[in-house]
Amino acid sequence: MRIGLGYDVHKLVENRPLIIGGVTIPHDKGLLGHSDADVLVHAIMDALLGAAALGDIGKHFPDSDKNFKNISSLLLLSKVKDLINKEGYKIVNIDCTIIAQKPKMLYHIDAMKKNICKCLKLDNNMLNIKATTEEGLGFTGKEEGISANAICLLN
């Protein structure tokens, strides 16, 4: 059994789509990043790579590589799944938290879960996604960015 922990954060900016868990969420700002800046999927990828001792997403998908410009993070997640499977690991479960003051994530979590489970070929009960605010505190509370944490168990 191997445990991995992932964390990601991106700044909210104008003129970018807000994509979290592969879901485009209506909002006046989106997340800035080289790829689609999907903080949830990035945190999950780092957790999976960490548990398998395979480094992090920056090692495998550097922001200096034009091939990853605006790429869907779900495509990268599929590649991470292949990497960990190649090493002989299988996902037991993943638990995640999205930290955002706005917009409310509650209405989008089911679609996020569906996207990620499909990508990783997981049963619905193997992935949990939660969302919280920081009650107006810090950069997420001031709506300057969104962050996500993920923890996974591999066998």
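In case you wondered, yes, glycine gets a Cβ from its N, Cα and C as well.
Since we're looking at a predicted model, the values are computed, not measured.
Record check: Swiss-Prot places D8, H10 at the divalent metal cation site, and the matching candidate among H34, H42, H60 is H42. The divalent metal cation site is defined by D8, H10, H42, and by the 8 Å test on Cβ atoms against their centroid, the other residues of the chain that qualify are V9, L31, G33, A37, D38, V39, L40, V41, A43, S147, A148. In sequence order, G6, D8, I57, S73, A148 make up the list of same-chain residues 6 or more apart from H42 (divalent metal cation binding site) whose Cβ falls under 8 Å from its Cβ.
When Cβ neighbours within 10 Å are tallied across all protein chains shown, the highest count among the binding-site residues F61, F139 belongs to F61.
Taking each of the recorded positions S35, T132, T133 in turn and counting other Cβ atoms within 10 Å of its Cβ gives the largest count for S35. A simple way to gauge crowding: the CB of D8 (4-CDP-2-C-methyl-D-erythritol 2-phosphate binding site) has 25 other CB atoms within 10 angstroms, across all the protein chains here. Cβ-based crowding with a 10 Å cutoff singles out H10 as the top-ranked of the recorded positions H10, H34.
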